[in-house]
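S.K.: Next up is a structure, given as structure tokens.
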């Protein structure tokens, strides 16, 4: 079996920065304990499990405000997905120490929404409902930001002004966003468009679109909650025309997927630890359908290998 290692794949700078911020927090003895992450720091359970070993508690729930209600003291880390001003204010009122690990690309969208609100605009925001990134973006100005996920959402959308900005969640499929923007332009011809697919998401999607078409199968390594990982599988199927499966790690690979497959493409979401992806590639590389000894799919990567290394500051 030939392995097509799609490149680029895996970690983006926003994810690495967020994890380094959280690791440094764990090492900072001056920070009030306990230390919480408000939601998953990035959408990967291997990462959150590794942070648990570092002594950082991940709390998840329907909304950031609801999670915050569970915390009475200590330090709170805001995830790469960003949070609303209301969440920041609530944390301040509760006397919590806060650390902001928001991805710079997400912050740029928040700043854009604030600027356009000041100019009297309404904002149509394309994103996934119940995902933390749209929650934070809508929370910047909930009175003028309208979240839509699909074309059907446009049917009932009414906006009381011609001053309309259209932007989007950074991890969406760029093709889905383009199609929705075309639909929006038909209904709201005066709308201004500001596509905010982050560069890391864009180049990873384009790599799948261009490189997966030579494969019989694509394996996307990523957490089920990772929107960008799920979009990579979608791009493989809809753009490259190659059947795709998303797996959290090697243990989720089904042998029947590999029957008759000569070329398998492998990519990974922006929040997927590199050792987890390497383990998937190593399994596929040694897999022999005629040799049961090669069929074991057991994740062996230790949690201490998941997180990026940080330099420990020497005490003066």
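Positions of Cβ are set from backbone N, Cα and C atoms, glycine also.
What Swiss-Prot lists as active site, proton donor is 133. The [4Fe-4S] cluster binding site annotation in Swiss-Prot covers 12, 103, 198 and is backed by sequence analysis. Positions annotated as dimethylallyl diphosphate binding site by Swiss-Prot, on the basis of sequence analysis: 43, 81, 131, 226, 228, 271. Summarising the annotation, Swiss-Prot assigns isopentenyl diphosphate binding site to 43, 81, 131, 226, 228, 271 and lists sequence analysis as the type of evidence. Under the heading (2E)-4-hydroxy-3-methylbut-2-enyl diphosphate binding site, Swiss-Prot lists 43, 81, 131, 170, 226, 228, 271.
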S.K.: Using Cα-Cα distances with a 10 Å cut-off, which of the binding-site residues 170, 226, 271 are near residue 198 ([4Fe-4S] cluster binding site)?
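M.R.: For residue 198 ([4Fe-4S] cluster binding site), the binding-site residues whose Cα atoms are within 10 Å come to 170.
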S.K.: Within 8 Å of the Cβ centre of 43, 81, 131, 170, 226, 228, 271, which other residues of the chain have their Cβ, at the recorded (2E)-4-hydroxy-3-methylbut-2-enyl diphosphate site?
M.R.: 42, 80, 133, 171, 225, 227, 229, 269, 270
S.K.: Which of the three DSSP-derived classes (helix, strand, coil) applies to residue 228 (dimethylallyl diphosphate binding site)?
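M.R.: Its secondary structure by DSSP: helix.
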S.K.: Quick check for the class: what is the C-alpha distance, in angstrom and rounded, between residue 228 (dimethylallyl diphosphate binding site) and residue 103 ([4Fe-4S] cluster binding site)?
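M.R.: Residue 228 (dimethylallyl diphosphate binding site) to residue 103 ([4Fe-4S] cluster binding site), Cα-Cα distance: 14 Å.
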S.K.: Just the number: how many Å between the Cα atoms of residue 12 ([4Fe-4S] cluster binding site) and residue 43 (dimethylallyl diphosphate binding site)?
M.R.: 13
S.K.: Provide the number of Cβ atoms within 10 Å of the Cβ of residue 133 (active site, proton donor), excluding the reference atom itself.
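M.R.: Neighbour count, Cβ to Cβ under the 10 Å cut-off: 27.
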S.K.: Measuring Cα to Cα, how many Å separate residue 43 (dimethylallyl diphosphate binding site) from residue 103 ([4Fe-4S] cluster binding site)?
M.R.: 13
S.K.: Report the largest Cα to Cα distance, in Å and rounded to a whole number, among the residues 43, 81, 131, 226, 228, 271 that the record lists as binding dimethylallyl diphosphate.
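M.R.: Value for the max Cα separation, rounded to a whole number: 15 Å.
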S.K.: If you compare CA-to-CA distances from the residue listed as 'active site, proton donor' to each of the binding-site residues 81, 103, 170, 226, 271, which comes out shortest?
M.R.: 81
S.K.: Identify all same-chain residues not among 12, 103, 198 whose C-beta atom falls within 8 angstroms of the centroid of the [4Fe-4S] cluster site's C-beta atoms; report them in sequence order.
M.R.: 13, 14, 15, 80, 104, 105, 106, 170, 171, 199, 200, 201, 270
S.K.: State the Cα to Cα distance, in Å, between residue 170 ((2E)-4-hydroxy-3-methylbut-2-enyl diphosphate binding site) and residue 131 (dimethylallyl diphosphate binding site), rounded to an integer.
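M.R.: Taking the Cα atoms only, residue 170 ((2E)-4-hydroxy-3-methylbut-2-enyl diphosphate binding site) lies 12 Å from residue 131 (dimethylallyl diphosphate binding site).
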